[in-house]
Each structure stands twice: as C-alpha cells, then as structure tokens.
Amino acid sequence: MTSDLFADEEQNRTWRDELCPDAVVLRHFAVAEQTAILAAIRDISDAAPFRHMLTPGGYSMSVAMTNCGAHGWVTDRLGYRYATLDPQSGKPWPPMPAVFRALARDAAASAGFEDFEPDACLINRYAPGARLSLHQDKNERDFAAPIVSVSLGIPAVFLFGGLQRRDKPLRVPLTHGDVVVWGGAARLRYHGVLPLKEGVHPLLGGQRINLTFRKAG
DNA sequence: AAGTTTCC
DNA sequence: CGAA
C-alpha cells in the first residue's frame with residue numbers, strides 16, 4: 001500500500017485503522033485518465049442506455065444504471081443478480097474498456113489487493129436527490145476479490161457501515177477522481193450513498209457517475 | 001428493501 | 001435531521 005496516494009491523513013487513519021485494514025480511499029486516483037474514461041462511458045451508454053431498475057419490492061431505483069463487462073448487475077421483481085445479457089436489449093453488455101480494467105487493477109493493487117480481475121463494471125448515474133440505501137454486495141460468486149468504486153462528477157457522501165446493518169456508518173465525502181477499495185475482512189461491509197446534493201462539475205455537469213468493479217463470475 | 005413513510 |  002502506497003501512503004503517498006492519500007491526501008487527507010486524518011481520514012486515511014480512519015480507513016487504515018486496525019478495525020478496518022482492508023478498506024482504502026485513493027484521492028483523485030482517476031483524474032489522469034478522465035478523458036478516456038468519460039469517452040468510454042459515453043460509448044457504453046450509447047449501446048446499453050442508463051435505466052432505472054426496479055427493486056424486488058417493485059420500487060424504481062433513483063440511481064440510473066448500466067453495465068459493461070461479461071457480467072452485469074441487474075434487479076427486477078425477481079431479485080438481485082448478475083446477467084450476461086442486458087435484459088433491455090437481449091445482447092451482451094458492452095465489453096469492459098482496457099482503460100477501465102487498468103484503472104481497477106491499479107487501484108486494487110495500490111490498496112494491497114494484487115491481481116484483481118474484474119469481470120463486471122456497474123455504472124451508476126446519480127442526479128440530485130438520487131441515493132443508494134445501505135446494503136451489502138453479496139450477489140458475487142465468491143468474496144475473495146475486492147470491490148473498486150470510482151467517483152466522477154459532483155461530490156457525494158459515501159456511507160461505510162459495518163458487517164451488521166445496525167452498525168453506524170462512517171460518512172466519507174467523495175469527489176471527482178476518488179477511488180474506494182474494500183475487500184478481505186471488509187468485503188461484506190454495508191455501504192450506501194446519501195441523497196446527492198445539487199452541484200456542477202466542469203466536465204460532467206450536474207450529475208455524479210460511479211463505476212463499481214467486481215469479480216462476479 | 002440497492003426503497004418509502006412516519007414519527008420525535 | 002435520524003431512527004423505526
């Protein structure tokens with residue numbers, strides 16, 4: 001783990017604490033590749049448009065989602081799962097761009113998780129007011145691989161909870177280019193995103209986009 | 001419940 | 001606003 005990647009040592013201590021050795025925030029990690037990343041997101045969403053999926057309870061999610069890679073996370077009345085085909089088109093999800101894979105692997109390695117091989121990238125688009133309530137990522141086949149989460153656009157507050165829903169979450173402000181990595185003992189920690197506040201980003205306008213890399217299959 | 005509403 |  002390379003400590004010079006951390007801009008805010010006060011907050012880093014929270015994440016690298018003995019209670020949470022397997023979760024890291026990499027500040028402004030993705031900024032150098034932002035042009036290529038944003039172009040790739042545009043290409044992906046042309047082929048597999050963002051959509052508001054339904055929860056098993058029948059509610060529409062406030063976050064608009066699409067995927068790239070071999071496996072895509074989907075939800076509908078039947079439940080949460082990964083699908084190799086986009087339910088909306090019947091076609092495979094767009095392939096994961098090389099710049100995505102490289103970013104995810106580099107971030108994972110910087111956090112101490114070598115040889116991460118993501119086969120799923122969920123792309124979440126937040127408009128003001130959009131949120132993600134506290135949940136665990138547990139639809140993956142095994143939990144050996146970490147999660148890599150890339151923030152782009154206007155700021156959000158990430159909630160990082162414990163292994164039980166009742167554990168009070170940490171509140172971690174995330175801005176454009178921040179990358180959160182968690183795995184190992186932290187792999188199943190609850191997490192979420194507070195309702196997005198209004199804002200403007202020079203490249204992304206009034207929205208936030210998050211890339212979440214996982215090994216699903 | 002990867003959501004919503006209600007209550008204090 | 002957070003908790004139920």
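Here the Cβ of each residue, glycine as well, is placed from N, Cα and C on the backbone.
When TrEMBL records A:His135, A:Asp137 as binding Fe cation, the matching candidate from A:His191, A:His201 it lists for that site is A:His191. Across the binding-site residues listed here (A:His135, A:His191), the residue whose Cβ sits among the most other Cβ atoms within 10 Å is A:His191.
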